[in-house]
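So the structure is just underneath, and the comments pick up after that.
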Amino acid sequence: MEGKSLKFLRGLIDAISPSGCEEEAAKLWKDYVANFADKVEGDVHGNSIGIINPKGKPRVMLAGHIDEIGYMIKYIDKDGFLYFSTIGGIDTHIMPGERIWIKGKHGTVAGIIGRDPIHQLTKEAREKVEKIEDLFIDIGVKEKKEAEKLVSVGDPAVPAVSFEELKGDRVVGRAFDDKSGAFVVAETLRLLSKSNLEAAVYGVATVQEEVGLRGAKTSAFRVSPDIGIATDVTFTSDYPALKSETKRTKFGDIKIGKGPVIARGPNINPKVFDMLVETAKKEKIPYQVEAISKATGTDANVIQLTKEGVATGLVSIPNRYMHTPVELVSTEDFVNVSKLLAAFIRRLEKKTNFIPF
Ligand SMILES: [Zn+2]
């Protein structure tokens, strides 16, 4: 991956942007996309839209959600301990012992989720999972008043981890779900910026996916696309806990570093699927296929149902350990997803028809 792209990716991942508080990441995204899009817009919901060839036909919407899962402060007790709920789905198993960054009114406040010492835990307590309402964040203050100078009820928070490079093309951090997708949408716009296109391209960094696909719903209404492709992350079955054949028979065989994952199922227009596969073959881009037999849990779900219906596709990035602070992905997969989406859009003609039969 090129230096500028990697720097942008690092910035996006490190920006604190749980659903409903995406402004820090959205600003970075808009500034980056403004370098090559014909137009960059924002809407009242917080979605950011980079546009290339706005008058073209067909109209294509690319969607990658820029929000991340996180925490929200619910209550501050008299001793200044903070109680919280989750924004999106987080496994309570991984919370005790986490370091936390809270986005307070005067800047980031560091804290930790405390846990009783193992010596003091009964056998039953060691085996049980804590309830979230019993967990608390300690920011090192002595009392409520002191805490309230820094933190307010409703402030968002995230695990205090940053983007880190591992071996080869592997990188780790929080929020690759789905700033990977928002990144890939921006990179696809960059790749297309000098192309001669028939299609109009609306690349959207959508908000609030993790709390119900909400930004894709409002932005798809505004863009009114003929074709909509969501880019998100997807599960892999290539690490010990899921390596057994039994797990693969349930979740499929998806590996990190093996290229874009093209989804197939009722949420996907069959012609869009076929064209994505043909494009990957023609361009010699490695790809994998995943079967999703119901509405996907991605922006593709609501995009398909916009107005009288949209020809929808879903191209995903394999992500190990999704919804943990150690989401692990391959930057080579990012490069290949952007290449595939750009090549797909270059092939679109005014007359391309996606009515399935
Ligand atoms: Zn997610």
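Even glycines carry a Cβ here, placed using N, Cα and C.
Because TrEMBL annotations are produced automatically, they should be read as predictions rather than curated entries.
TrEMBL names Asp177, His323 for binding Zn(2+) 2. Of Glu146, Glu148, Glu210, Glu290, the residue it gives for the same site is Glu210.
What TrEMBL records for the Zn(2+) 1 site is His65, Asp177, and among Asp232, Asp238, Asp253 the residue it adds there is Asp232. Of all the binding-site residues given, namely His65, His323, the one with the smallest number of surrounding CB atoms inside 10 A is His323. Checking the recorded positions His65, Asp177, Glu209, Glu210, Asp232 against ligand 1, the ones whose Cβ sits under 6 Å from it are Asp177, Glu210. Note on proximity: of the recorded positions His65, Asp177, Glu209, Asp232, the one nearest His323 (Zn(2+) 2 binding site) is Asp177, by Cα distance. In three-state terms derived from DSSP, Glu210 (Zn(2+) 2 binding site) belongs to a helical segment. Of the chain residues outside the Zn(2+) 2 site list Asp177, Glu210, His323, Glu68, Ile69, Gly88, Gly89, Ala175, Asp178, Val233, Met322 have their Cβ within 8 Å of the site's Cβ mean position. Within 10 Å of the Cα of Glu210 (Zn(2+) 2 binding site), the following binding-site residues from the list His65, Asp177, Asp232 place their own Cα: His65, Asp177.
According to its DSSP assignment, Asp177 (Zn(2+) 1 binding site) is helical.
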